[in-house]
Amino acid sequence: MRGPLGAVIGRYPSSDGTTEIGGIIRHNRKCRDIVFLVIFIAFWVAMIVNSSFGFNQGNPLRLTYGLDYKGNLCGDKHAHPGLRKLELKYWLNPNQVYQSGVKDSQFKLSNARSICLWDCPIPSEDSLNWVCDYPEGDIRLSMRDWINRNYDYYEFLTPEMRNTSLQLQGPCYPVIFPSVNVYWSCQFIARASNISLRHWQQMGGVNINEDMVIDKSIHRSINSRSSVLKRYMADIGKSWPVLIVCGGMLPLFLSVIWLLMIRHFVSAMPWITVALFNILIITVTMFYYLKAGWIGNDAISPIIGEHDPYINVFGRELHHLRAVAILMTFIMVVSILTSIAIVRRILMATSVLKVAAKVIGEVQALIIFPIIPYAILAIFYMFWISAALHLFSSGQVVKNNCNTNCCAYDLVAKKVNCDDCCGYSIHYTPHIAVAIFFHLFGGYWATQFFIACSSTVVAGSVASYYWARGETSPEIPFLPVFASMKRLIRYNLGSVALGSLVVSLVESIRFILESIRRKLKVAGVTSDGWFGKIGNHTSQGCLRCVEWTIKSVNRNAYIMIAITGKSFFKASEIATELIMNNILRIGKVNVIGDVILFLGKLCVSLSSAIFGFLMLDTYKYRAAHNKISSPLLPVLICWALGYVVATLFFAVVEMSIDTIILSFCQDSEEHQGTAQYAPPLLIETLGDQNEMQRLTQ
């Protein structure tokens, strides 16, 4: 028995020294954990400053398009010359591309002369095509005329310019190899046109290297890890309508429907949830198999636009999809077996859900309350995702530092220049990586904070219902939800900020350790023996257990914060002691209820993922300008957003169950095992202590 805490239950001293019936919720409170609220506000100010750096320095178009030899971003209408709609990067000199792919060569592809075009050139069937540099100097052509002439003004060249062109020094270069648009770069296909090559040799052109290296050099650059990461981030920007519909609007609708069904069809909902979960996870897994090319012929293609059907180019994204498909297969099998194992406990879950259904029926404002944190989170995510895209593209365009000797004709200087051969690239400083990590951490902390605020408000509303003896007491506030919101904002924001910070720090530490483990595994530092593997898996399991325990303790701490108004650590202590003293009474009941609610959240998020696949499968995202490199990241984000939205709404049921059970345990403990404040509807459902014991047997 916890004697010192007995005063907070039932009768609590008021400011005038008298006692107040049912005053546990309305007793005199004071602000708690103010220091952490100040830290949270300071962190938000830092987030805004950090994001403003991204908005000032970043350009999301850099995630999709490349740079030409002048440092201009392809497609930039403000470049010199204007490159509006010229979005494809093309390397003019095939020998430079070849040199960049030769082993131990000092020449890099980023230094090869490249320009921006409308489409990728292909060799002529009966003559020799040319692609000439941007028109400048004595070449009196507008950019539009240059494009209309297929980038060819060879006939206007002086004899000197024609001679340098035959030496592959420009300003015009021959189109010997066909090229295709691979992720907005023209990739050469090592299959030279015999007709074009014969014309080139007849004109006295220098030897052009014809080897598979010319193909692999560009492909290696396009498939580098940094390029793939940029494309993934660009996919988020291109698929923002999908994120809004499938990550925001759809889970909102499905969550509200689920709450209404749990209110009116509580007995059937556990069965419906388990069956629907199995159907949805199988469907999502099949979609991954479809996109990975293992079912049908719907594998993603890195080639944009029309191309030779005999040309096959595979990107790293396809390997990622296949890896996720294998992972989903494992998750699907484990999930189905687990759902089968809990079928016998469904009746227990039904009894638990009846508690929440009855509370929601009495405090009906709980159904619509999650719309408030949902709207706040939606606004936050719009800002956060936009800032993330700008931060990921916030590097500076700088000229490469190289010792390469190459020559190219300068139309302005009217001579061959052999000194300016270094190209441009985007330089990322270390502080950008820190800013990105800070932004990711801030997004996770803010998400946990809003979810915690929502949970605390729900807990306070349900506690008002319980400690006022339910519907039989006139002491229930007219609007318990808004009364709970007022108490949260006035007294407990600091405690909520502390609780969400603890979860965020633990998750960040686990992420960092997991990244270090992967790097050590790739470097071959970790032991491949059975002892090393056991230690590796044990450490991962311990970290996950610690994370799960802290989240569980936090959730119960928010309930006690809402009830007693204590600080975060004191509320955690009270909640933990209550649970440990009543673990045999509430353990099975609470766990089964949590499992059903978790499956319900997954049903909403899996539905979001399925609709994300369907929307991304339309023509808009499979061809032309908005083609995405892979549906992987947009679908995963839809999945995550759907889970967050479902968490906000399902917290109504989840926190109702936990609050009622904790309040019931506290009430019973303070009154020699007989709950005095349990309303008749709760007693009818739980049957007081005997029913609780029967359910746990």
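Positions of Cβ are set from backbone N, Cα and C atoms, glycine also.
Here TrEMBL flags 34-55 (among others) as transmembrane segment.
Only residues 6 or more beyond the boundaries of the transmembrane segment (240-262), in the same chain, are considered here, and those with a CB under 8 A from a CB of the stretch are 269, 272, 353, 356-357, 360, 367, 370-371, 374, 378, 381, 385, 600, 603-605, 607-609, 611-612, 615-616, 621, 634, 637-638, 640-642, 645-646, 648-650, 652-653. Residues annotated as transmembrane segment in TrEMBL: 240-262 (among others).
The feature transmembrane segment is assigned by TrEMBL to 268-290 (among others).
Marked as transmembrane segment by TrEMBL: 323-343 (among others).
For 363-384 (among others), the entry in TrEMBL reads transmembrane segment.
Taken from TrEMBL, the feature transmembrane segment covers 449-468 (among others). Sequence-remote contacts of a segment are chain residues at least 6 beyond its ends whose Cβ falls under 8 Å from one of its Cβ atoms, and for the transmembrane segment (449-468) they are 10, 22, 24-25, 40, 359, 362-363, 365-366, 369-370, 373, 376-377, 380, 475-477, 480-481, 483-485, 487-488, 492-493, 496-497, 499-500, 554-555, 558-559, 561-563, 644, 647-648, 651-652, 654-656, 658-660, 663-664, 667, 677-679, 682.
Look at TrEMBL and you will find 488-513 (among others) tagged as transmembrane segment.
TrEMBL lists 595-616 (among others) with the feature transmembrane segment. Within the chain, the transmembrane segment (595-616) has long-range Cβ neighbours (under 8 A, six or more residues past its boundaries) at 239, 241-242, 245-247, 250-251, 254-255, 258, 269-270, 273-274, 276-277, 280-281, 283-284, 287, 291, 339, 342, 346, 349, 353, 622, 628, 631, 634-636, 638-643, 645-647, 650, 653-654.
Away from its own ends, the transmembrane segment (628-653) comes close to residues 183, 228, 231-236, 238-239, 242-243, 246-248, 250-252, 254-256, 258-259, 262, 291, 300, 302, 315, 317-318, 320-321, 324, 353, 356, 360, 366-367, 369-370, 373-374, 377, 381, 447, 450-451, 454-455, 458, 597, 600-602, 604-609, 611-613, 616-617, 621 of its chain (Cβ-Cβ under 8 Å, at least six residues beyond either end). The transmembrane segment annotation in TrEMBL covers 628-653 (among others).
When Cβ-Cβ distances below 8 Å are used as the criterion, the transmembrane segment (268-290) is approached by residues 258, 261-262, 296, 298, 321, 324-325, 328-329, 331-332, 335-336, 339, 342-343, 346, 349-350, 353, 596, 599-600, 602-603, 606-607, 609-610, 613 of the same chain, each at least six residues removed from its ends. When Cβ-Cβ distances below 8 Å are used as the criterion, the transmembrane segment (34-55) is approached by residues 383, 387-388, 390-391, 394, 435, 438-439, 442, 445-446, 449, 493-495, 497-498, 501 of the same chain, each at least six residues removed from its ends.
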